[in-house]
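See below for the structure under consideration.
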Amino acid sequence: MGVNRQTLTEPPTITVSTSSDEESQLDFSLLDPIKLSLCQEQMTDDPVSDYMYRHTRISSKKMRKRVVQKNGECNVSPSNVAKRRRRYLQDIFTTLVDIQWRWTLLVFAMSFISSWMLFAVVWWLIAYTHGDLEEQHLPHKQEESRWTPCVVNVFSFTSCFLFSVETQHTIGYGSRHTTEQCPEAIFVMCLQSITGVMIQAFMVGIVFAKLSRPKKRTQTLLFSRNACLCLRDGEMCLLFRVGDMRKSHIIEAHVRAQLIRKRVTREGEILPFFQYELDVGYDIGEDRIFFIWPMTMVHKINENSPLYDLSAHDLLREKFEIVVILEGVIESTGMTTQARSSYLPNEILWGYRFEPLVTFNKELGEYAVDYSLFNNTYQVNTPLYSARELDRLNSQASTPVTPLTPVTPMSPLTPMTPTSATGVGGGSCALDLHACPHSSCDASQDAPASRPLLHEHDDV
């Protein structure tokens, strides 16, 4: 039964048999976003088969588990840590820098309010024990009773709170001040001034650290949405793109990549999250980039790569994660920053390359980078084999053919006699190094002296 290609608008649904003898439906309309390109010589006349190989996508429902999120956040949460709160309090500065802004602002406000309230109570106790809050010693009767208070113009706890705020922040409105009557008041005033400076310096340092930490610089460092897998210089390569939106560059920028997947040792030990290093040119310095425009990083899939046995079919069912890391020094602040991202198998496009996005603007006389093309790719012909299988096929195709040798040994000085296909003299010359001496041989059949015995494989 023939199938019309123009009427094939819906992706086919195939049945996949699992190991537990259960059958499951795999709907290719829900598989996103991997596409497997097929070489021209591998194209078939079956439109269903062509659609499966060119538009196959893998479901992301089973591949949502990530170690590193796309925005660079590590998807790891520690639990059951002994003395966790004590350990966080011992490093209170880092704790306050790492927490969210609403908690930082809450701690910022509560630190000042609590210190104001604490010293307000202390000032109230000093006034109360000295007798400044008695009726005949209040400020409007102090001239009549000739009473000298510890703090001038203190009526109640509210007055003590206002004096605490003025003392801690050295406001000094002039209506309230300490006197020489109470040495303890002078000591508390000095202590509150020192405490206020320490609290202010500590909280301002936390706010500044949160604003200037290099983690925010990663918001302007970009990674491509997908990675590509295609041929480059005859080798299977994994490509991904990195970019920087700012004009202030990243100095000493270098890129790393790691593959995280399960590994079983020879002893049967299961390592669920083993990290394989993916070489992106570390030995020859290609991982250190001159980061002035978006760069495409290349991992060559050779015999040293953990992806050497990965084929297009294996990519549909493999479970792994590729974590990419960009590190460098911020030019404007001199601080080291690190940007991260990751790619799952359903985010690797088989048979695609990135579109170029750097052009020269003749009007401005400078190079222009179009970031609207940052994630754009185009399809190229790529075999569906693994890199190992591709190397094996290439080695077989490039193996030289051994020349034929005569069965009986002969002296190198003995000339070869012409023979015919029928074994009778007068036939065509087969292996004569010079012109055939027989008159029955045509000129077109004579082999020139400069022609080798086996010029091409087809001659054999």
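Quick reminder: no glycine exception, Cβ is built from N, Cα and C everywhere.
As annotated by TrEMBL, compositional bias 'Low complexity' applies to 398-419.
Taken from TrEMBL, the feature domain 'Potassium channel inwardly rectifying transmembrane' applies to 68-214.
The feature domain 'Inward rectifier potassium channel C-terminal' is assigned by TrEMBL to 221-392.
Annotation comment: TrEMBL describes 396-421 (among others) as region 'Disordered'.
The feature region 'Disordered' is assigned by TrEMBL to 441-460 (among others).
Here TrEMBL flags 103-126 (among others) as transmembrane segment.
When Cβ-Cβ distances below 8 Å are used as the criterion, the transmembrane segment (147-165) is approached by residues 116-117, 119-121, 123-124, 126-127, 130, 132-133, 136-139, 141, 171, 175-179, 181-182, 184-185, 192 of the same chain, each at least six residues removed from its ends. Annotation comment: TrEMBL describes 147-165 (among others) as transmembrane segment.
As annotated by TrEMBL, transmembrane segment applies to 185-209 (among others).
Beyond the ends of the transmembrane segment (185-209), by six or more residues, the same chain brings 93, 96-97, 104, 107-108, 111-112, 115, 119, 122-123, 126, 150-151, 164, 167-170, 178-179 to within a C-beta distance below 8 angstroms of the stretch. According to DSSP, the domain 'Potassium channel inwardly rectifying transmembrane' (68-214) comprises 97 helix, 4 strand, 46 coil.
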